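For reference, the structure is listed below as structure tokens.
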Amino acid sequence: MGMRMMFTMFLLVVLATTVVSINLDHAFDGRNAAANNKATDLMARTVRRFCSDPPCRISNPESCGWEP
């Protein structure tokens, strides 16, 4: 193989690796977003339960969005 052919093959490998890497990053970001949404929902439910308990609400008014 000539030098030009080897350089062309090298560029094709680099391009293919970059495209695969970018696609994997997007898929990974989607999984992270789904996990973050689940965590946010869990936190919201926990805060609602916490704020529905009068002793907790009175001792932590800033967390429940009101001032005594």
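The backbone N, Cα and C atoms fix where each Cβ goes, glycine too.
The model shown is predicted, which means the values in this text are computed figures rather than measured ones.
Swiss-Prot names the disulfide partner of Cys51 among Cys56, Cys64 as Cys64. A 10 Å cutoff on Cβ-Cβ distances gives Cys64 (disulfide bond) a total of 17 other Cβ atoms nearby, all chains included.
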